[in-house]
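As recorded in TrEMBL, the features of this protein are as follows:
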DOMAIN    95-276  domain 'Malic enzyme N-terminal'
ACT_SITE  Tyr118  active site, proton donor
BINDING   Arg171, Asn426, Asn470  (S)-malate binding site
ACT_SITE  Lys189  active site, proton acceptor
BINDING   Glu261, Asp262, Asp285  divalent metal cation binding site
DOMAIN    286-539  domain 'Malic enzyme NAD-binding'
Amino acid sequence: MAGGGVEDTYGEDRATEDQLITPWSFSVASGYTLLRDPRHNKGLAFSEAERDAHYLRGLLPPSIVSQELQEKKLMHNLRNYTVPLQRYIAMMDLQERNERLFYKLLIDNVEELLPVVYTPTVGEACQKYGSIYRRPQGLYISLKDKGKILEVLKNWPERSIQVIVVTDGERILGLGDLGCQGMGIPVGKLSLYTALGGVRPSACLPITIDVGTNNESLLNDEFYIGLKQRRATGEEYHELLEEFMTAVKQNYGEKVLVQFEDFANHNAFDLLAKYSKSHLVFNDDIQGTASVVLAGLIAALKVVGGTLADHTYLFLGAGEAGTGIAELIALEMSKQTEIPINDCRKKVWLVDSRGLIVESRKESLQHFKQPFAHEHEPVKTLLEAVQSIKPTVLIGTSGVGKTFTQEVVEAMATFNEKPVIFALSNPTSHSECTAEEAYTWTKGSAVFASGSPFDAVEYEGKTYVPGQSNNAYIFPGFGLGVVISGAIRVHDDMLLAASEALAEQVSEDNFARGLIFPPFTNIRKISAHIAAKVAAKAYELGLASRLPRPDDLVKYAESCMYTPAYRCYR
């Protein structure tokens, strides 16, 4: 039963590893259909007895190989590809052919393959999704389906869905409006929910809501797979979303986690505010990013010293990520010091495309920026803002590369012994500065983290390992925690619990190497700890519906995690 109290039909969780499995599809899958079913296919790893029992004689070459040997062969093949997109396509093909082997590869080689199935390669995959499209990997809901969304959801073969990742493709990474081709993002995100957080693949549903696109090149592209019309906005848009959210609850119940992903700013904040009271919703761009950055800051304080309230924060970029992080920092600061949150916000300053956000601009600001408009004379550039406010922490969420110039970074180093610099924009080409620039311009004193991975940097004989502030540290474990506790709402305190859990996983050995995030190799252990902390907070807040509460939540989280080892078939 594990997995948040939902029956484990396919034998996906650790708790059912040793049980014999019957490979059901609609009847018992056997022969050719068994080899064509990615959930049950084992390729050449079927034993002699299984080949007899399931009519596979002659359909496979006589050799029997282990899953480890299959993994070795595929990793060898993947490493021979020179183009990252070819690796991405090879991984997607494997996922459609042999699901367990796909996850085995991803789990065992997470640091090598994470950039392939997710950022930065997934960005290029979305741009070319129309050309590389093979088979539907999720649900496409478009304006044509208005009034029929519930029927569309019923077309998906799985009934026990626990996590949905949904996008409308309007703001994919830093690449802008990719319309229907944004599907690569929910698909990639959910493969990480499984590989890193252990949520069952059968319980994950990627969805793209296609309301058109304003991207001219896609509208004129003969291979574009979405609606060829301008984006629907206003009432038409919100009615479709309302129908979708209602249908999700009707079809899958109260406890399905809906993660909004890569919506444009104006919609992202509105949707989160609108549905967080009535649905179990989470926005990774606002809340996940904030949670992982806060974890990085809590860990960085162990290097720099002081508490959150002792520092001054300056952001470049005041969109979803920037304001989401700023708000969570203020919330944690308020929780630690018991100072009202409004006063805590005064330690946090934001710079947008028009300069420093100040009181005199308040009338013209979008609502989510207004809480951070403080008394100060207008300042036009980031450099002037840095010189005037003298922040100890500089965070980039602008989506614009090369904006942390040498002057800005050197200024940070003049009034800080150890300046904390986070260049968080993705992909790598959009990063505000590189790791090498940060370490060189601060003469090796920076505590640096970035959104996309950078290699270690040699500076004056010392090796610096930049941290990667990757949402994949938080959302898989967070999702698992929500699922195993049967939470019915997401509360901000659950995000703070996730941040604290992640910061606790950074060891002294990591700090010695300059790391403020733990290495990804232990990610499943880290996710289990995050899940346990999140679940504990859900129980504490009275939001958990899975009763009674398990005594050892870490152990329970681990028993509910998907394992990709092949099962033996009756």
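Keep in mind that glycine also has a Cβ here, set from the backbone N, Cα and C atoms.
What TrEMBL says about a protein is an automatic prediction, not a curated fact.
Take the binding-site residues Asn426, Asn470: by the count of other Cβ atoms within 10 Å of each Cβ, the lowest one is Asn426. Listed in sequence order, the recorded positions from Tyr118, Lys189, Glu261, Asp262 having a Cα within 10 Å of the Cα of Arg171 ((S)-malate binding site) are Glu261, Asp262. Across the domain 'Malic enzyme N-terminal' (95-276), the prediction's mean pLDDT works out to 96. Separation of the C-alpha atoms of Asp285 (divalent metal cation binding site) and Asn470 ((S)-malate binding site): 11 Å, rounded to the nearest whole number. In this structure, Arg171 is the one among the recorded positions Arg171, Lys189 with the smallest number of other Cβ atoms inside 10 Å of its Cβ. Annotation for Glu261 (divalent metal cation binding site): same-chain Cβ neighbours under 8 Å, separated by at least 6 residues, are Val165, Val166, Thr167, Ile185, Pro186, Lys189, Asn283, Asp284, Asp285. Within 8 Å of the centroid defined by the CB atoms of Glu261, Asp262, Asp285, the record's divalent metal cation site, lie the Cβ atoms of Thr167, Arg171, Ile172, Ile185, Phe260, Phe263, Ala268, Asn283, Asp284, Glu320, excluding the listed residues themselves. In sequence order, Gly188, Lys189, Leu192, Ala472 make up the list of same-chain residues 6 or more apart from Tyr118 (active site, proton donor) whose Cβ falls under 8 Å from its Cβ. All chains included, 25 other C-beta atoms sit within 10 angstroms of the C-beta of Asp262 (divalent metal cation binding site).
For Asp285 (divalent metal cation binding site), other Cβ atoms within 10 Å of its Cβ number 23. Recorded residues Asp262 (divalent metal cation binding site) and Asn426 ((S)-malate binding site) have their alpha carbons 12 Å apart, per Cα-Cα distance.
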